[in-house]
Every structure is written in structure tokens, then in C-alpha cells.
Amino acid sequence: MTQEHNAAVLDLNPTFSTLIFFVNGKKVIDTNPDPECTLLTYLREKLRLCGTKLGCGEGGCGACTVMISRIDTLTNRIKHIAVNACLTPVCAMHGSAVTTVEGIGSTRTRLHPVQERLAKAHGSQCGFCTPGIVMSMYALLRNLSQPSMKDLEIAFQGNLCRCTGYRPILEGYKTFTKEFGCAMGDKCCKVNGNKCGEGMENGGDMVDDKLFEKSEFVPFDPSQEPIFPPELQLNKDWDSQTLVYKGERATWYRPGNLEDLLKIKAQFPEAKLVVGNTEIGVEVKFKHFLYPVLVNPTKVKEMIDVQELEDSIYFGASVSLMDIDRILRSSIEKLPEHQTRFFQCAVNMLHYFAGKQIRNVASLGGNIMTGSPISDMNPVLMAGAVKFKVAKYVEGQIKYREVCMASGFFTGYRKNVIEPTEILVGLYFPKTLEHQYVVAFKQAKRRDDDIAIVNAAINVFIDPRSITVDKVYMAFGGMAPTTVLATRTADIMVKQQWNKVLMERVVENLCAELPLAPSAPGGMIAYRRSLVVSLFFKAYLTITQQLIKSGILPQDSLPQEELSGSDVFHTPALKSAQLFEKVSNKQSECDPIGRPKIHASALKQATGEAIYCDDMPRMENELYLALVLSTKAHAKILSIDASEALAMPGVHAFFSSKDITQHENEVGPVFHDEEVFASDMVYCQGQVIGAIAADNPNFSSKTARKVTIEYEDIKPVIITIEQAIEHKSYFPDYPRFTEIGDVEKAFSEADHVYEGSCRMGGQEHFYLETHASLAVPRDSDEIEIFCSTQHPSEVQKLVAHVLSTSAHRVVCRAKRLGGGFGGKESRAIAVALPVALACHRLRRPIRCMLDRDEDMMITGTRHPFLFKYKIAFTSEGRLTGCYIECYNNAGWSMDLSFSVLERAMFHFENCYKIPNIKVGGWVCKTNLPSNTAFRGFGGPQGMFAGEHIIRDVARILGKDYLEIMKQNFYKEGDITHYQQKLDNFPIEKCFYDCLQQSNYYQKRKEIEEFNRNHRWRKRGISLVPTKYGIAFGVSHLNQAGALINIYADGSVLLSHGGVEIGQGLHTKMIQCCARALQIPIEFIHISETATDKVPNTSPTAASSGSDLNGMAVLDACEKLNKRLAPIKEANPNGSWTEWINKAYFERVSLSATGFYRMPDIGYDPVQNPNALMYNYFTNGVGSSIVEIDCLTGDHQVLSTDIVMDIGSSLNPAIDIGQIEGAFMQGYGLFTLEEMIYSPQGVLYSRGPGMYKLPGFADIPGEFNVTILTGAANPRAVYSSKAVGEPPLFIGCSVFFAIKEAITSARLMNGLSEDFKLESPATSARIRMACQDEFTNLIEQPPAGSYVPWNIVP
């Protein structure tokens, strides 16, 4: 890392310095490849193949997945693997064939079945993840033409999707599998004797179950796939060539033999061996390491060799993890079971090691030498006492030695006994003995593709006659700077009988041998310590059951209810059903309303042809902007020195607050309390201080780090809500209160009064496309902004403000967004404004797309909330009064926090009538990035408190919480605490339908029986309703415009004020327009959202996109229809094109604007008390069943049933996709997704490595969605209802089901059912809430006696 790059290139065997590979069948020759360049950068920047996306840059999201094909040296066969292009060095591609999403199919030619089925099964919403998912499936099919569902599960371990909820992707790709059948599974309509696809009766309404027609799919013929380039297949020199690529800062070597490899290492001891680049790539990108010498050993025979020996299998250190897995599985099938226990243990651990794209290229040697303390494989290797073959080049010859993976192997954090000039050549996986037992376990936040919190491997030799321990190795990761062996505890086990007494003794000794300091990196101290003993106990149970099975121990050696403690979760095959109202047979075939039409851009998204902001072609004189960010959370800026950066060639300018006036620098979505560039003070880490304009993105980011900033720290640094309360750090004019009735009287007259509290954390938006902007200078001092924003008009307005110009000289365009979820509503300005300023000053196009870590540092999250409440209720359970205090963590500026708080205050009662309410709200000012809009906008946080209240009442009264719900449900015509009458409010219908469809009461009985029979596994079931108000909180935003241009050929160009962010808004608007004009949807096109087409647009937010823009589209259509009416009347049998042609020649205007303002909106308790707060409410109910592992805190969602009232659906496929996607996002909010900050305000969770979204394996095993029928809504376009945000809170059903399961565990342990469980219900919180004899061994340090590693905001 510190080695200079001026060393001479070694004189090796004949070398080759030209990079040759194939991309989509075309030969690429590069005579000067850059060793620091990734394949992704090469594809996008040099070859302009932009279908492959940059989502995270660390191999954690799969958006960059491509397929690599090459001749496998081990088998001499063509091998196809999916890889992460963001980590793959382009220099490693020599002699390979790369296939990108563009290379398998196109809308211009023909779609590949992989692309077609994903699109037509509605598996693409925003589309940014789609190319990566397509390529993961394509690579699987190139290896297995008919895979199993298990193969699909493994193939998608490394892919994330933030929009769909994964179900439609799996449904589409299930059609390729052996298990393919009816998508309805057990709920297939044929079970009831109905003919599939003809609809079913449901309460008098005809319902449909078919979102796509499988029979229309193009058959998959694997024989028609492109051939491997013959040039690569016929020329045998590709693998034997010694390659040397010398770049500006680094040299890449690919030696052809071990001697040359060792010579390089002898000459350059600090040289890095690169196999998969999965560790080094992350270090280079995010830690900014520079490695001048990179060596690729994948063509050295000894490093890739595999040999089966008498007592072991030898693996070269460069053999990929997937190859190791395949070979071990083959050996497990062939060899006696007792010989393969170590192999089985390794295979089990490899399944959860990263994603498949990583395992396809990562090597075990790299994992060992990296020496991560949370490596998944190192504990297995250490417990197995695996031997390594090590070599170095000394005095003209190769010298070998053997090293054992023992307690002394690691000498410190990421250090080991292998010398700098030595190389780990290979390792020996031992075959096990008959009475040797090896098991391993891993606990992470998410099962698939996640780093371990703690992992363990136990290798024990047991004398079958005395049933005593002969020898034992116990290795643990996550408990020290290195993987460690618990040698002291192992010593006391020798010669002891394997029984419960020994287990208890071991557990106590492990607690003593493996302590953790209260401030240890990684946090979760008590949880990690408990995992050590829990994982050993699971190993004890597993090995004991093996001893019972082999007859060494009697059958009654373990109580029956204890057996489940050894189990691990496995992903079940998905079962699902989607039920929606069937379109009437009387409806015209060309009328698309109510039909499951595919997303308008789905086919382009599946082929990589859909263009996102950063996919736009580079302009000749374009510059790239990199932001300079604050490294302090609260400090005064003493000086900014950009001289070193400006002196570097290729740097054109540095911008800071000195380059604009104070007035121009003051910005914000409502209150101008932010700055484009921090001037005198910084209030959070990640605040923008300046920007560097340079020739290319990699260079600009490097030079931005050369800007030196001196600070003076300011105290206090306020991070948490509790700290804000302690320091009374609130925004002005807060708290605010609203009330109805007489709360004090309710408390004085109540049978019961209870005080409680609940808390929930924030949530990162994690749209797959990060914030991006491109600004282009135009004539007459105009500027054009292409921006990934949900609010083009706000970007237009604030750009005009910063440039001191008028809005009519600024055009903001948004073609499509790779996700938004509210995070691109107001925060787009953090990128757009510096880009616009640089463009304006330099008069050159300027581009900026944030890296994932930058985006997460800068843009804010969902608001964390704290609620304190006091409730009054009768002995029967009827709520009579509530006083509640709502605190949200706003971050350093107001942004939209006041509106988020208001919605939480107006949603906390959820679906329940409370006659007397007083609610207060506090906007807490902290030293975090400004938190912002996020799908739900405070509603889910408020309803979270309401559901706690219901369950508190039920617990106190000893009643079923469902009975408390029934007693308190709002009725039709009831008045809320903000004076709104509830009309068309079918919450009870949803409630009872959900109870019936989920078979709730029967399932609960089964769960009770399960819990009685299982000590360490518990299940819970919970149901939650939701009531979500539809409208912007400020009345002026409840408006929309549209523009329709009909051209003389009859084609229609539709423009409206909404932005396509994946939610299908453009698709629905096309459907609305098609019905209104009575034309097929093929006539209509939407190009983009632009401020020069529709002015003064509202943000695409508040779930109001369809409601507002749809009505504006109808208004424009009505105007056109009136103009066309005489022409149609004169020629009633004419066609659309004939009518339009006639209108053109008669000089009838074929262009119309539409406008809509939502009526009756604008509630204000003082100024306008009779107005509505919301236009209407979208309702729904969901029920989920969860199983938890009480020993680890892991959980699995077994089933979810959702019934949603969304009026008359405009498009059932898109609406069900929104319901499922929102549910999964809500599930993540309440269980997996945790923002991790240091006490100093440093965000630790800055990418998918530390921040965990739900993955494919996290969806409910059975996932059923029903759209309520017969519930037309008179207050929105074509009787529909908004759907984007309302279903999200139903994800909370999982949280409360987890809490029910924990309660069962606690009751079995004799503990109170009254306990706190904060959201998200992470594995750590679940485990520590269960409380048992193992957690009781963990001593907690006194509060305030230490500074924790992380805190909860």
C-alpha cells in the first residue's frame, strides 16, 4: 500500500502487454489497460454499454452483474459465471468473454426469454436492479437449462431489489424451473373445480388471479444461445501467457507459473494477490488504498489445482469458493458420511458466504490472508486444524513449508505468520474420522449475503465407549481482532463426558474466556457474548443428536422440546396468490383500465435500454463534479485550502461558499435554513462544503480528497432524540398541539390509566440509483438540468435562485428514476445545485453521480421517532382518552420534518376511535444529515404508536388484542381528531376478510401447539390494520397539470407533472388517457417529465401521483374530445387516425392542457376548520406468521396475507406490485434495517455491507394479496385509490408477530410479558428480549461507565 510505483517491471518469461477479450461477441483490444480500472467502468465509460448499473460499488447489490465465460482450467470446459462488474478488474478479463444485458436481447431485435418473462411477470418497477437480476438468471440458465427453485434461491443471493418485493421476479423465473406449475400453488382455482383464468366468485364479485399469461411466453431453447468465441476456444495460449500491464499508478502481473509468481513476491513483498478482488476492490474504492503492484495468480497450476488424497482434498489457494463448494458436494455424495463431516460443515457455511457473484470469483486463500475477524470460513478452517502449503523463492529455488491454522496463526488484526515474501499456495481439507463431529454456525443481521456478527465452528472427537471428549477445537469469529480458538475451555473438556453437565460448564467458561470490552468495535456487546454460548449450545444439541442417531447415546438423552434448538432456517419454496377484481366482459378490449398491463418501460428496463441520468452519453467538453464533505458533526470551519487539488492536472475549478452570495447560498425546500456550501459552520458529517470539477469521475473524487479543511469542534454533538430532549434542542415554534374532547376528564373517569412509550429507528431509502445530475449550458444564459429528482419544479426554482436568474431560463428534466421513495423529493438539491453552479460558471456540461457511501452520508433518512403516551380505557377495553407526545429526529435542518411530524400526529390513532385526544409534537434538531420524506412520511411511525396502545390495553386487561381492535374500530361517519368525517371507510370489511383468508384463528391454535412443544423455536401471529390519508399536508401542492399533443398521424404525446420513479405512474396515465380518448395504449407515448412541458408541478409524492395527474390528464382529454366531437359525429364509423387527420385539415387544435385542483382540501384548526385534511383514506389489513430462533434472534416470515382497499384498481399488476413492495420495505423498516452511528455522528452503515435490506430469501414463505372488491372510490380518477404508501405499515405485522413469539419464550422462562422491543426488531433485540439461562450469564456494565461504539439516533 505504501510501496512506490517507480520500481522496474520484472524480467519474467516472455510477456504480453495487450488486453484482449470479447464483449457481447465483439473483440476488444486494449494496448494500454489501466490496472485500477474495473470492468464496470470499462463497460460504461469506454464501451458505452450502460445497461450494467453502478448500485453500490462493493459487490453487495448485484445491479452490475454480468456474465463471464472462459475455459475452465480444471475441467477444460466452458464455464459461465455471474460476477459483480463493479469489483472485477478489467485486466482480469484477458482471454474471457463478457456478456452484458445488451448482449442477450433487445427490443429492437428480439427479447431473450429471461428478459421477456421478468418484464411480463411485472418483475421490474424502477428497473435499475433489473439488468443485474436478468444476468444472474441468464448465467444460471447457461449452466442449468432447467434449474430448481433452490438454484434460483442461490443465484439471487447477491441481488437486491428495493421496489418489487421480489415475488413477481420469482414468479416469472419459476417458469424456467423443474417445479413450474400453477403460480397459485395450493390455492389453484382448479382445486375448487373452477376453470383456471375464468374468474372466481368472491362475495358476489368476480375476481381474477392471473397477472400474466404464461402461455404467451417465448419458449426457452438453450441450443440457440450465442457460442463461445472460437478464437478463445481454439487458441491454447490465453492461459499460458504471462501478462504485464503497467498503468499510471499500478502494475498488473499475471504470471503463468509458480516460480514467476514467487519472484514477483520476492521483489515486491507488499504486492497484493488479486483473485476475485472482492476485498482489495472495496479497500481501493472506499478506503482509498493504493496498491502499486497487483498480481493475478489464477493461471498458476499449483494455485488452482485440486487433488483428492487419501486423508484430505487439496485445494489451490486460488480455487473459487463455488468450485470448492461443487467439489465438496460431489465428495459428500461419493464418500462415507463420517468422512465428509468437515466437508459438510464447510458447504453449510459457504452457502451463507456473501452472494453467488462473489463466491464465483473469491478464493479461500484470499479469505484466509485477508484475516477478517468475522470471516465465515476461518473459524471452520481453524476448528479443523487445516494445514496450509506455503512457498517462497529463495536463492534461486522454491522452498515450501507447512503451516497449520492453529491458535497462533493470526498474529494480530489482519496479520498472520505467513511472511511478506511467502505465498499461500494451497490447503488441505481433512477427511473426518468415524467418531469426529464438526459443526458450524453463523449469525448475521440477514441470512443471505451478510457479514457475520458472530460465527463458530466446533470440531470434537468423542470416545464412543466412554462417551468422553478425546480432543476438541472451538473457533469463534467476531469476538476479537482475529478468529480465536477457545483453548482454555477446550482443555477442561478433554476426558469429560459429553452431557448436559459438561455443556453447562463449557458455557460458563466460554463467557469468561471470550469477553468483550463495552466499547468494542461492532457494538452489540451483550448480544455477541450471548451468541458465543448460544452457538456452542446449538453445536452441543446437533452433536448430541448425531450421537443418538448413531446409537452411542440413548434416545432420551435430549428432551423432545429441546431438539429444535439445533435447527437453522431454510428458505421455503414460494407460494403466493394475487386476487383482484375481474374486468367486466362488457368493457371494450382497447379500454385498459382495470387490466394488469405491464409497466410501460419494463421491456426496455429488462434489456438495459432504459436510460437513467448517468447513462446519458458523455459530451465532448463535459466535466465531472465531486463533492467535498464535512468530516465533523458540529464544528466551525477555520480554513479551506484547495491549492493542492487545484494544482493537479485535469482539475478545472473548486467551488465553495465564497463563489456565491450569502443570499444565493441559502436554500431549502420550505425554510431556507440550509446552504449549498457550508460557509462558517458544519452541523453534520456529510454536509457539503465544496466541489471539485475535473476531467473524469475517478479523478475528481481523488482530487476532492486533497482539499484540506481545518475545524474547531463545537459541543455538544447531539445525535439522539433523547440527547435533543436533554438539551431542549428543538426547532422554533415547537412543540405544537392538537386536541379533541377533554383528555383530563377522560383520565379522571377512566377504569384504567396506563403510561407507556415506544421508539423506532430511521431507514435509509436505498434507491438503487443514487442521486445524479447533469447540467448543460444553453443559449441566452439558459441552463438545462437532467436530474434524478421527484420534484423537478423545486430543482428549477432553487437553481434559478442560486444562479440569480428566473425560472423560465431553467429547464429541469427527469426521464425516469431508479427509485425514489421520497428520498429524491427535496434532497436532490444537494447534487443539483452545485452541478448547476459549476455549469453556469464554467459554461461547460457538468455531471455528478454520488457513490453509495456519499449518498447515504449526505441525503438523510426516514425520521426516527420516540412516543410517550398516556391512555385511558374501560375494563371492557374501550379507549376513552389519550395524551401522546411525538418526537422526531429531524437532523440539522428543517427540510420537511414539520410535515412528517404532523402526519405522525394525525395518524397515531390508526383505525381506532379515541373520543378524547391531545397530541403534542416536537421537531428535534440534531447533528445528523437532514432527515426527509420517506414512503409513509410519518404515518407508519404514528401508527406504530397506535398499535402499541392497542396491545398495551389488551395485555393489561388480559384480553385478545383483536377484541380490543373490534371494540375501537372507527365506524363509517366517525370524526377524527382533526375534524374529518370518515366516508367510504371499509376497514372492518378488510379486517374480517383478512381473518378469513389467513385462517387466523386456526393458525393461532396451531402456533400455540407448536410453542408448547418447542423450547428454542417460537412462533407468533399478528394482524395490523392501516388507515392512510391521501393528500399533501399543505393545500397548494394538491394540484397538477398535463399537456397532450396529438400529431397528424394520430400519435399522442402525453406530458404530465408526475415523475416515473418505478411506481408505474406513466403506465397508469397512459391507461387513463387511452380510456378517455378511447384509443389503444399503443397510440400514446410519455417521453419525460419536464418543467417546460408542465409548469409549477408538485412533487411526485404523498401517493397522489395518479390522483392529481390522472385528473389533469382527464381534463385535457375532455377538452380534446369536445373539439373532436363534431368530426366524430360527421363520420361515426371513421378511425382515430382519420378523425385526427380530418381535424388537422380543419385547423382544430390538437393540443390541450389539463389542470386539476383537489377539492375541499386545506384543513387548519384555526383558519379553515371545515376543510378536509385528506381527500380520502386508503385502508388495509395484514396478518403475518413468524418463527424465531430464541438462541440467536434469527427469524423467518412463514406467511403474510394482505387485504387492501384501493378502490377500483387502475392496473392490478402495478397496484399489487406496489402493495408487495411496500410491505417488504415496511418489513425491512421494522426488522432488518438499522442506521448505525458513532457517538460523534459518523455513519457506519454506508452501504449494503453494513446496511441490510430484505433480500430474496426474506419474503414470506406464503405471500397472498387480495384487492378488496366492490369498493369504488368517488374521489379519485376512475374510482381508484392511491396505493404507494398505505401498505407499508402492514410490514409492522411482522414486528408484532415477532413480539408475540418473544412473549411465548418469556412466559416459558417464567418472565413477564411486559417488555420493551424497539424497532427495528433486529436479531440482537430479539435474542436479548427472550432472556434465558444463557443471557443471564452476561453481565451488563453500568450505564454511563463507558462510551458505546454506536448509538441509536
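Using the three backbone atoms N, Cα and C, a Cβ is placed for every residue, glycine included.
Swiss-Prot lists Q790, R935, A1102 as binding Mo-molybdopterin, and of F821, F906, F908, F969 the one it places in that same site is F821.
Swiss-Prot annotates E825, F937 as substrate-binding residues; of R778, R862, R903, the candidate listed for that same site is R903. Binding of [2Fe-2S] cluster 1 is attributed by Swiss-Prot to C56, C61, C64, and within the candidate set C86, C91, C126 the record adds C86 to that site.
Within the same chain, residues at least 6 positions away in sequence whose Cβ sits under 8 Å from that of F821 (Mo-molybdopterin binding site) are R162, H765, Y767, F934, R935, I1061, Q1225. Ranking the binding-site residues E279, L424, E825, F937 by the distance of their Cα atoms from the Cα of C126 ([2Fe-2S] cluster 2 binding site) places E825 first.
Between the candidate recorded positions, E279, E1285, the densest Cβ environment within 10 Å is the one around E1285. Across the structure, E1285 (active site, proton acceptor) and L273 (FAD binding site) place their CA atoms 48 angstrom apart. Applying DSSP to the domain '2Fe-2S ferredoxin-type' (17-104) sorts its residues as follows: 15 helix, 29 strand, 44 coil. Binding residues for substrate (E825, R903, F937) extend across at most 17 Å, taking the greatest CA-CA distance. Within 8 Å of the Cβ centroid of the [2Fe-2S] cluster 2 site, not counting the listed residues C126, C129, C161, C163, the chain contributes S124, Q125, G127, F128, T130, L160, R162, T164, L768, G818, G819, G1062. Sequence-distant neighbours of C64 ([2Fe-2S] cluster 1 binding site) (same chain, 6+ residues apart, CB-CB distance under 8 A): L40, T52, K53, L54, G55, N84, A85, C86, G132.
Same-chain residues that are not part of Q790, F821, R935, A1102 yet have a Cβ within 8 Å of the Cβ center of the Mo-molybdopterin site turn out to be G820, G822, G823, E825, A933, F934, F937, I1061, T1100, A1101, S1103, G1284, E1285. Nearest neighbour of G366 (FAD binding site) by Cα distance, taken over the binding-site residues C161, Q790, R903, F937: C161.
Averaged across the domain '2Fe-2S ferredoxin-type' (17-104), pLDDT for the predicted model comes to 97. Comparing CA positions across the binding-site residues C61, G276, S363, the one lying closest to A1102 (Mo-molybdopterin binding site) turns out to be C61.
Listed binding-site residues: R903, R935. The one with the lowest count of other Cβ atoms within 10 Å of its Cβ is R903. Secondary structure at L273 (FAD binding site), as computed by DSSP, is strand.
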